[in-house]
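Taking it in order: structure first as structure tokens, then the write-up.
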Amino acid sequence: MKKIGLLTSGGDCPGLNACIRAVVRTANYYNIEVVAFKRGFKGLIENDFTTLDYKSVAGILQKGGTILLTAREPRFKDYNFRKIAYENIQKHNIEALFVIGGNGSFQGAYLLQKDFGLNIIGIPKTIDNDIYGTDYAIGFDTAVNNAMEAIDKIKDTTMSHERIFIVEVMGRDNGFIALEVGIAVGAELTLIPEYPFPLHVIEETILKAKEMGKNFAIIVLAEGVASAKELSEILNERLKDKDVGEIRYQVLGYIQRGGSPSAYDRVMASKFGVFAVEKFVQGEKNFMVAYENGKLLTKPLEISFNKVRIPNLEEYQINNILSM
């Protein structure tokens, strides 16, 4: 019987369990055994594994997080520890390692491919949706919905008390979540790192809203732009004589990464998992599953971390048109 390895690595996100389920059940369908390593690359180094089958993944489709657990493993940067990981993989007679991860995870997995010739198959996941080479990564849709639902509640209070609220969403290096959420909640202003706004433009936008008779405003801020706390303090000081009221802030944080995956994430995670295993069965090696122009395809793993994906300028323009 053929064997494949499976792990989840990096930050968790909704849809991981749906993908695990799809990989395992598709593998079992083709009479392939799945050896799953716990806590990502840490599990490879420590040979901490379990065998998954059709029954063991029952009832996990709708659950957030990952049943395999996940962790960041700095030791994996060291060749000697990667060699230990590879030797553990060899003990199980694994023909390919399936890695459900993001940019960093794929970069680590690629080192196993480069150092030892291991067949690596990547399945993209990250709420940031910033993996180059694919239009979609597992977890993004749920994260956007989580943020939208939270901001809708904040907006009720914002309108009732006639306030301005800066809401910080995840997106350390990119603004994909902020852009989608900004449109979904009708934000007066959306700030992302790719297209920075000068401080005076932010001030002018707030004052313009006031002139238009708006007594409330939602500003969606990607965390990579600035701290919501610091930005609110700066704006409160600079606008204290402008009669715009107190500017408050809220950091949404990890609420965006948790919870039951949306229908879209469940379906996409399932499709990604099935597609990855079927391509392995067909003999393809060393690839990343990608979703492009509505179709699933394979791409070289290294493309995911050699380039940077940035938001579509058209979507950014939509935000600007609809704001205010």
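From the backbone N, Cα and C atoms, a Cβ is placed for every residue, glycine too.
According to Swiss-Prot, the residue from Lys153, Lys155, Lys240, Lys242 that belongs to the ADP site alongside Arg21, Ala22, Val23, Val24, Arg25, Gly186, Ala187, Glu188, Lys214, Asn215, Phe216 is Lys155. Same-site candidate for ATP binding, as annotated by Swiss-Prot with Arg72, Glu73, Gly102, Asn103, Gly104, Ser105, chosen from Gly11, Gly15, Gly171: Gly11. Taking Asp128 (active site, proton acceptor) as the reference point, the binding-site residues whose C-alpha atoms are within 10 Å of its C-alpha, out of Glu73, Met170, Gly186, are Met170. Nearest by CA distance to Gly104 (ATP binding site), out of the binding-site residues Arg21, Arg25, Arg257, is Arg257.
Working note on the binding-site residues Asn103, Ser105, Thr126, Asn215: by count of other C-beta atoms within 10 Å of each C-beta, Ser105 ranks first.
For the substrate site, whose binding residues are given in the record as Thr126, Ile127, Asp128, Arg163, Met170, Gly171, Arg172, Glu223, Arg248, Tyr254, Ile255, Gln256, Arg257, the maximum C-alpha distance rounds to 33 Å.
Taking the mean position of the Cβ atoms of Gly11, Arg72, Glu73, Gly102, Asn103, Gly104, Ser105 as the ATP site, the remaining same-chain residues with a Cβ inside 8 Å of that point are Ser9, Gly10, Gly40, Gly101, Gly108. The two recorded residues, Val23 (ADP binding site) and Ser105 (ATP binding site), show a Cα separation of 18 Å.
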